[in-house]
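As recorded in Swiss-Prot, the features of this protein are as follows:
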type	residues	note
BINDING	Asp10, Gly11, Lys12, Ser78, Gly79, Arg80, Phe81, Asp89, Arg95, Lys96, Ala112, Lys116, Lys120	ATP binding site
BINDING	Asp89, Lys120	L-methionine binding site
Amino acid sequence: NGTCAWLRPDGKTQVTVEYQNDHGAMVPIRVHTILISTQHDETVTNDEIAADLKEHVIKPVVPENYLDEKTIFHLNPSGRFVIGGPHGDAGLTGRKIIIDTYGGWGAHGGGAFSGKDPTKVDRSGAYIVRQAAKSIVASGLARRCIVQVSYAIGVPEPLSVFVDTYGTGKIPDREILKIVKETFDFRPGMISINLDLKRGGNGRFLKTAAYGHFGREDPDFTWEVVKPLKWEKA
């Protein structure tokens with residue numbers, strides 16, 4: 001947004017977080033390490049880069065209570081980073097499917113999103129299970145959850161739908177699965193309709209090319225909208 005005029009487009013961030021396993025739910029305790037490598041112009045010093053990154057990037061993003069005197073900061077640890085992008089590297093990777101989703105914390109089926117319209121379950125299937133899992137947690141059915149779905153080409157109904165709450169469910173997983181199947185339609189055509197994925201054409205997905213597909217507050221990210229799930233609380 002122009003706050004750091006020396007910033008350039010290329011870069012990478014990585015945050016290492018320590019968690020505590022609380023009966024299946026993973027609770028963040030502290031940030032162990034923050035790595036930021038960012039391209040910059042020729043006028044700025046490494047000390048200025050480090051100071052700006054702490055003030056304008058880390059401070060607004062990482063809650064203060066997760067940082068302590070033992071938190072390690074690697075800010076442009078390789079030194080000068082003036083030349084970036086395809087000018088600086090040959091053989092760049094394709095779209096990073098793990099960064100697009102859950103950063104290695106959640107499971108991934110292996111299919112990339114980029115270049116695919118909502119008729120491809122690599123994209124739409126990932127979106128509907130995101131909404132389902134998020135709704136399970138938001139409804140108080142579990143503190144942690146994964147929803148898995150599998151398909152065969154040319155077969156509208158999914159081959160399988162699977163729910164695992166890692167022992168955090170308030171009711172058995174099989175009962176949660178029943179609620180999920182009653183609430184969500186996992187057929188690709190119905191996913192597009194129910195999540196309104198064709199609104200605005202495929203250009204709508206340009207926003208997903210950076211900053212990930214999940215955890216975003218944007219009206220176009222319809223899969224982030226929680227659906228209320230009805231269940232009998234003990």
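The backbone N, Cα and C atoms fix where each Cβ goes, glycine too.
Given the structure is predicted, the values throughout are model-derived calculations rather than measurements.
Annotated features, which come from Swiss-Prot, shown on the structure.
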residue: Asp10; record: ATP binding site; Cβ contacts under 8 Å, 6 or more apart: Thr38, Gln39, Phe81, Gly84, Gly85, Gly88
residue: Lys12; record: ATP binding site; Cβ contacts under 8 Å, 6 or more apart: Leu35, Ile36, Ser37, Thr38
residue: Gly79; record: ATP binding site; Cβ contacts under 8 Å, 6 or more apart: Asn46
residue: Asp89; record: L-methionine binding site; Cβ contacts under 8 Å, 6 or more apart: none
residue: Lys120; record: ATP binding site; Cβ contacts under 8 Å, 6 or more apart: Gly111, Pro188
